[in-house]
């Protein structure tokens, strides 16, 4: 099989390679002229684009340069204005310091005794600090000569200290601080001449008589600032006084800490356009190492456009600059963009029109050529895809053929009812697995619009029974009720696609099983007209749902009855017992169905009491590969594609699907489907195998049912009615005793009462013990005719329940008609297998009649498939011989041979089925030629030719139509899909081995 897959892949590669070679040849023949003209037009287009781009770029640069010049003029104007205002503000502050120096000279030196002391100075400076908002503090330092130091220290009561608070060493003169503002009181007694820079500033200020600035440093406010030093003279000096005279007249020095950052900030805050500019102030006394006084440390060579202004703060020994630049690059004016863009668009449109007119014809021609080439490549890719899908289908379905074949052979043996139920369930699961494998392919077909529905007769109730069988094991394992109910008004036989209908139900019930841990899962089928009447009050709320669901508040506000299948609350209040009774009333009414149309619209609901769907996830329920959240797949499994496929299939059936879900309560999915009526007498023999009739052996029997839940009792009565068994339900064992003893006026004849069905929760350990004991004693002591067999309905294991509760038999739920029938057959001692075999072997036009005594050759490289095929064919009386390769088959089929039919696998190593069939036909043709040469009689030749044409049927696991075409191409007479069933095999061999065909 692996070799066969490799051959298919190689064939696909050959097809694709041939397509490429043809495409290249056509390109060389028809594309050279187009390429030459295309190159010429492309060259002209490039030249035109280059010219247009060059002109537009020049225009843009011209407009941008003009805008840049305008921006430079603006920054020069704004920077000069800010520099002038900064100098004026600084001059005002210097004048305030000068005035304070005059105050000290007047009241300290000209008054005897001095009218100024520390307290007066501190009080005055504090009260007038509003005049000096940019000065953090002022202080006065007196000039003291070394000869006067000792007397000065005695007078002040402290010694002169350096800036490091150490006694000042001897020097020519000192400048200790004697008056200070409270904000700088910590410098009192410090010698301002003990620091090298401060000493130089003091000497420069008394020599010039002007304010002197220090270099920038951090103030206590963490702002950048400078110290302003101003000399105080004993007498007024003329402006042209000599240095010696100024030094002799110097009495002391007045200093103040100046906050440069605050000054510049206040200034810029007052001016418009401050947000556009970045201002930096530098001390450039040392050009090699400029010091920042305001702003970030940006190099002096700031990016253009910028402007530098010189600041004059009155200190001739220090130089200061202000640099202004835009905070960001000046915006290019819209005119510099729109005008060139407009010109560019116009010129390019002109060029494009010319270019399009030039190349239109050639482009269309080339496009047609390319489209043809792409079409060929797409066809080749489609062939490769079909080959790939065929290989994958074969590899998956081949082992499933063995599984299902062995199960089919197992079912033909003598089995107990429970064993048969298990085997049938496994067989149904295997078939469902094959359909689930095809879901991804179905999704691809749906998206491509290639999925088509069949229109064949089918039994809806049998399909629901199969779904119940599929999930019966899981429901019993979880201990949840799983039940189906189909209205009597629903026709027995419908015309539609049973496989797709089953797929929808399987997806919905599978999701319910997955997300339900307690309670029940209930599937209902009704006619649309009757269902609408029963749910009319809630139709509006469903229609108003968003994305196919109802808002949670609209459900919570409705009163919900707990009288459900399991007693747990259901999400959709419309499925209450009251509405269910209303639907039952339509079933029991003899009124004819109101519609004369051939179409039948069904309403199917799947109700569960699981975890529900979160509100935030309800909008994406029907999206493919989407689940409620990331934990859903981790905790519960699944791919999230089932509901998406179900929605598409419902829409193909002209229906709609919606749901009601409440977290931690459950979900109810409801969909409609439009099918057609089909009478049983209109079904031909070939389609009769699609129906599953129930046995008629139970007609006329009656039973009594004990169940305290009316919904569950109705479902049990529905299955009994399908078998032709009359039933009556009561809620308790006590009521059942009354019925059996004739005290309840029941219409059931006691002599024909064949069984008593009791739900396990009505016969459990919590039941009234005396009542139960009395019931069993009456059954065992002389009341055999009154008390029929007691059969318990339970979700638990039947053998344990039978021994524990002392009943005659136990039927394990979930219920379906076939389970009930099997249990009754076992109770009556009828062999189901024998009856079925007799029906198979002796029925008219049966497969047994076709294959009896026929010699059949089976060719397959898989030993399991050989065993399955041989067992299936021998069951119907055929003589089977098996080989494992095409070469071995050729040896056995040399003319003359004994075989009436050959079943040939397609994918085999060494020689596949196609090649083997081709050689078989060659052998037959050679035999025909030899016969013609030996006997020229036309009639004899025709007879021989008919004799040596062996019917060859392909056994394939492919589901692609291309397989059938290949079978016909290589001389095969038909094919049988694996895993094959009786009805399919009968249809395939009927025309070759029928009564009209000679051996």
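Here the Cβ of each residue, glycine as well, is placed from N, Cα and C on the backbone.
All annotation found in TrEMBL is predicted automatically rather than curated by experts.
Taken from TrEMBL, the feature region 'Disordered' covers 1-33.
As annotated by TrEMBL, compositional bias 'Acidic residues' applies to 15-29.
Counting same-chain residues at least six beyond the ends of the transmembrane segment (40-60), those with a Cβ under 8 angstroms from any Cβ of the stretch are 336-337, 339-341, 343-344, 347-348, 351, 354-355, 358-359. The transmembrane segment feature in TrEMBL is assigned to 40-60 (among others).
The domain 'CHASE' feature in TrEMBL is assigned to 112-323.
What TrEMBL records for 332-358 (among others) is transmembrane segment. Sequence-remote contacts of a segment are chain residues at least 6 beyond its ends whose Cβ falls under 8 Å from one of its Cβ atoms, and for the transmembrane segment (332-358) they are 41, 44-45, 48-49, 52-53, 55-57, 59-60, 63-64, 67.
A mean pLDDT of 78 is what the model gives for the domain 'Histidine kinase' (391-677). Annotation comment: TrEMBL describes 391-677 as domain 'Histidine kinase'.
Marked as domain 'Response regulatory' by TrEMBL: 702-828 (among others).
The annotation domain 'Response regulatory' is assigned in TrEMBL to 855-993 (among others).
In sequence order, 859, 860, 861, 862, 865, 913, 954, 955, 956 are the residues of the chain that are 6 or more apart from residue 905 (4-aspartylphosphate) and have a CB within less than 8 Å of its CB. Annotation comment: TrEMBL describes 905 as 4-aspartylphosphate.
Broken down with DSSP, the domain 'Response regulatory' (855-993) shows 73 helix, 24 strand, 42 coil.
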